[in-house]
Amino acid sequence: MVPEPGPVNSSTPAWGPGPPPAPGGSGWVAAALCVVIVLTAAANSLLIVLICTQPALRNTSNFFLVSLFTSDLMVGLVVMPPAMLNALYGRWVLARGLCLLWTAFDVMCCSASILNLCLISLDRYLLILSPLRYKLRMTAPRALALILGAWSLAALASFLPLLLGWHELGKARTPAPGQCRLLASLPFVLVASGVTFFLPSGAICFTYCRILLAARKQAVQVASLTTGTAGQALETLQVPRTPRPGMESADSRRLATKHSRKALKASLTLGILLGMFFVTWLPFFVANIAQAVCDCISPGLFDVLTWLGYCNSTMNPIIYPLFMRDFKRALGRFLPCVHCPPEHRPALPPPPCGPLTAVPDQASACSRCCLCLCRQTQIQTPLQGAPRACSSQPSFCCLERPPGTPRHPPGPPLWSTSLSQTLWSLRYGRIHSVPP
C-alpha cells in the first residue's frame, strides 16, 4: 500500500524529468528487492498449488489461506515490481496511465491481505472455542461469502475512492514532478486506514487473545483430568507389588509440565503471528497518517516503511504453514527433497510380555488392526498363523480379524500392574485381549 498520485483536483501525477536514479548502492538495493519479489511469488504460488493438489488440505479452513496467499501473490507480481522501479529510479518510469491503476491495485491487494488475516483469526476463534459447532457454522458457502466480502471491501476502499477523486477532498499539496504518490487528504486517510487496518487489527487482537486464553484453560483442564483419571485408575487396580514412593506425583507433574509446554507453545505461536503483523504494517499506517497531517515524512523513509509492509506478504506463506502439521506433511510429500522429521511422542515404558494380541477401543477405522504389545515372545497372527516377532516398542500391524470375532470381546485387561501401564491405556485406549 503505497503511495500517492496527483496534484490538487487531478487524479494523475505531475510529470516532468524527475530526479535522477540513486547514484550509490542501487545494485545492492535492486538485488535485495528482487529476492523479496521472487520469494514472495514463489512461496505463495507453492502453497496455493499445495492446497489445491493435496486432498488432506482441501477443507473449509484452508479456503481462507488460499485467499490470503492469492492476495499476497498479487502483491508480489503486480505491486512490488513497479514499486521497485519507483524506488530505484526515484520517479515513475512506466506509462503515465498506469500510475493510478497501480496505486489502486496496491491499496486493494494489501487491504485484502490484511482482511484475509482477520478472517483467518475469526476462523481459528470459532474452531477453538466451539469445535463441535464449527462444521455447522463455518460451511463452505459461508466461507466463500466471507472471502468475497473481504475482497469486495478491499476493492471498494481502493478503486472507488481513487476513480471518484475522494482522496483529493480538502487536499492542498501536490507531489513532486514525475512522482506517483498518493497524497491523500486527512479524512480519506483516517477512514481508509480505519476500515482496512485498525478495525481488522482490533478484531485480530481480540480473537487471538481469546484463543490464547481458551488454550491455556483447556491445557489446565486436560492436565487436571488426566492426573485425576490416573489417580482414580490406580485406586481401582489390584497392584501385586507396592509402587515406589512419589511415583504418582512424579508422573502427575510430568503430565502437567507437558500441557504447560503446549500452552506455552500456543502462546509463542500467537505472539509471533501478532508480532510480525504489527511490526510490518503498523509503522506504515502511522507514517501515512502523519504524512497527511504535517507532511513531515521523507519519501525515502516512506518507501522503506512501505516495503516493510510488503514484506508481510513474504512472511505469511512462511509463518502460517510453519505452525501447521498438515502443511509440513503435505510439503514433505509434494517436494521429495523435503524430509519432515518424525513426530516425537513422550516415551512410555513398554507393557509386559504376553502371548495375546490386543485391540484398542479406537480401532474404528480398521477392525483388522491389532496392537502388538509383546517384547520378546512371538504372537501367532489370527490370519496366517505364522509367528510374528514383536519389537521392543509398540507398533501397529494390520491383520484381518477372524470372522465372528467380536470387536471388543469380554475379558480382563492384558496388563494393569503399574502407573505407567495405566498412563499407557489413557493415551492409547483401553486394551482387551483377543484369543488367538
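Placed from the backbone N, Cα and C atoms, the Cβ positions cover glycine too.
Model, not experiment: these values are computed from the prediction.
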Residue carrying N-linked glycosylation site as stated in Swiss-Prot, selected out of Asn9, Asn59: Asn9
Bond partner of Cys180 - disulfide, per Swiss-Prot - picked from Cys99, Cys294, Cys296: Cys99
Arg58 vs Met138, membrane side identical per Swiss-Prot: yes
Alpha-carbon distance [Asn288 (serotonin binding site); Cys180 (disulfide bond)] in Å: 15
Coarse DSSP state, helix versus strand versus coil, of Asn288 (serotonin binding site): helix
The topological domain 'Cytoplasmic' (123-142), counted residue by residue under DSSP: helix, strand, coil: 17 helix, 0 strand, 3 coil
Protein Cβ atoms within 10 Å of Asp106 (serotonin binding site), excluding its own: 25
For the transmembrane segment (97-122), sequence-distant contacts whose Cβ falls under 8 Å of one of its Cβ atoms, 6 or more beyond its ends: 1-6, 11-13, 64-65, 67-68, 71-72, 74-75, 78-79, 82-83, 146-147, 150-151, 153-155, 157-159, 162-163, 180, 182, 192, 196-197, 200-201, 203-204, 207-208, 211, 277, 281, 309-310, 312-313, 316, 320
